[in-house]
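Quick look at what Swiss-Prot lists:
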- 77, 79, 81: Mg(2+) binding site (BINDING)
- 78, 95, 102: Zn(2+) binding site (BINDING)
């Protein structure tokens, strides 16, 4: 039987983009990268675990903020090069800016405008154990 991880078309860095969506509303919460280990751990632990390119290590979503993403379903696109994670976003904050979604700006009249409010000050999220 073929290993399910071998079916994925990893990029030259051994990564695949992963889009996290709210499992109830379908809203796109964020995009991050996954490597083979993080995707296998996500499936095993039923929570989103990404690969942080900037830190060069596994990133268990919510490990610092408490805003864990509980996995409900994973999907692979037709080209096998993008993953969608259908998640329950604990705390209703996916973005490090304190917003529900990382996609909080909309293009209007030739400019990017912020349309989603900050739900919690990022300084309060990432200080003294959330």
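Heads up, the Cβ atoms here are built off N, Cα and C, so glycines get one too.
Computed from a predicted structure; not experimentally measured.
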Of 78, 95, 102, the binding-site residues given in the record, which has the fewest other CB atoms within 10 A of its CB?
78
Where residue 81 (Mg(2+) binding site) sits in the secondary structure, as DSSP reduces it to three classes:
coil
77, 79 as binding-site residues, winner by CB count within 10 A:
77
Would you mind reading off the Cα separation of residue 77 (Mg(2+) binding site) from residue 102 (Zn(2+) binding site), to the nearest angstrom?
21
DSSP three-state assignment (helix, strand or coil) for residue 95 (Zn(2+) binding site):
coil
Residues near the Mg(2+) site, 77, 79, 81 excluded, by Cβ within 8 Å of the Cβ center?
9, 76, 78, 80, 82
For residue 102 (Zn(2+) binding site), which of the three DSSP-derived states applies: helix, strand, or coil?
coil
